[in-house]
Amino acid sequence: MLTGRKYRLDLAPGQAEFAERIGGVCRSVWNTALEQRRAYRRRDAWIGYHEQARQLAEAKQEFPWLTEVPGHCLQQTLLDLDRACSRHGTWKVRWRSKARTRPSFRFPEGAKIAIERLNRRWARAKLPKLGWVRFRITRPLGGRVKNATVSRDGTHWYVSFLVEDGVVTPERHDKAGSAVGIDRGVAKVVTRSDGIFHHQVFAREREVEHAATLQRRLARTRKGSTRRRHAAGKLGKALAKVRRRRADFATKTAHTLATSFELVVFEALATKNMTAAVAPKPDPGQQGAFLANGAASKSGLNRSILDKGWHRIELATRSKARYTGTCVITVNPAYTSQTCNVCMMVDRKSRQSQAVFRCTSCGHTEHADVNAAKNILTAGRAEHARPRPGVRAGARKPRNRVGRKANRQATAAQGHATASPELAEIP
């Protein structure tokens, strides 16, 4: 199946400067092509990837700076734009800004990318026009490279390889019949139906204060100034550390869930809607004035929800499930925190506090998050066992296992492994 491997690059000063130039040209191609698509849409016309790629080839004769960067990277930029417009619509696709968009470009021909192991810690890859670039090999590639993406996060450059490892999703899980319900919250990031909590503080209080200081310092700088660029770099470095901790927690939690349970049930949480800003409340008695709407407290809750990385945990679990045969499904989150898992009585008064659940009907007392996780598991088992048209009762449901896209990738990888059993692995 297809998987990703990300490594930190050690670019020479000239290579880093050239990588920035490639990212800038790709950004210019993206914005120009997007403006062209919108101009066509204003005339009720349409232009696609093939026509824009042809015009890009013609533009290289007029603009020599387009030929200084790898042509495949520019074509991949047009392909990404075409997919984005097809998925979201031309008017919803955003512009790429030099200040807000991280430079990123992709080399699609993985077979032509030579990779050599230098020693125990370092390896190098030969990329078109960039030459040999060193990267810190923290884990083996474990398969054949399909493409490579170079990107910058903060002040560091990274290379991501799309690898075909030849692994096929197992038909049965090692722990058949095991199931768990997952309740995601703010006080505890992950609560399991068996009473186990997974929690981590991603930003310590001192780091939060330091980030706030850097944010205020950035707000006092002038746009386009050197001080602003330096302040933004320091703030980005501090926030990147928190992002890495969040990603590490999600990966480790997902690994534990996928290897321990055959069925993992999440709530279908609409995080984007849950973290939306509160609409202003106009004062009917005074024109131009507004009433208190609790926006300050809601913004604090929004920050707490986004800090926990709920969606990242679900995505990581689905990715890990491809290797274990775990079935990952989502259920309706309505009333899971107000329902008693013993008598199934629904009463909002039973949730006495954030951590205490005491049923007003039967008197059952339990941790509120554990009670909600058990309700999620009950709903997930019912959903998993429900027969669907064209599927016999009791049959496994591939569409729920890891998602349709992952199943297609696993099937394609299996077919390719059958045709070409040898894999060019890095020693």
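Glycine is treated like the rest: Cβ placed from N, Cα and C.
Database features (TrEMBL):
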DOMAIN    1-42  domain 'Transposase putative helix-turn-helix'
DOMAIN    169-275  domain 'Probable transposase IS891/IS1136/IS1341'
DOMAIN    310-376  domain 'Cas12f1-like TNB'
REGION    382-427  region 'Disordered'
COMPBIAS  394-407  compositional bias 'Basic residues'
Close approaches to the domain 'Transposase putative helix-turn-helix' (1-42) from elsewhere in its chain (Cβ under 8 angstroms; 6 or more beyond its ends):
52, 56, 65-66, 68-70, 73-74, 77-78, 80-81, 85, 90-91, 93, 95-96, 98, 101, 103-105, 122-123, 129-131, 133-139, 141-143, 146, 150, 152, 156-169, 319, 322, 406, 409-410, 412-414
In the domain 'Probable transposase IS891/IS1136/IS1341' (169-275), how many residues does DSSP call helix, how many strand, and how many coil?
54 helix, 16 strand, 37 coil
Across the domain 'Probable transposase IS891/IS1136/IS1341' (169-275), what is the average pLDDT of the model, as a whole number?
93
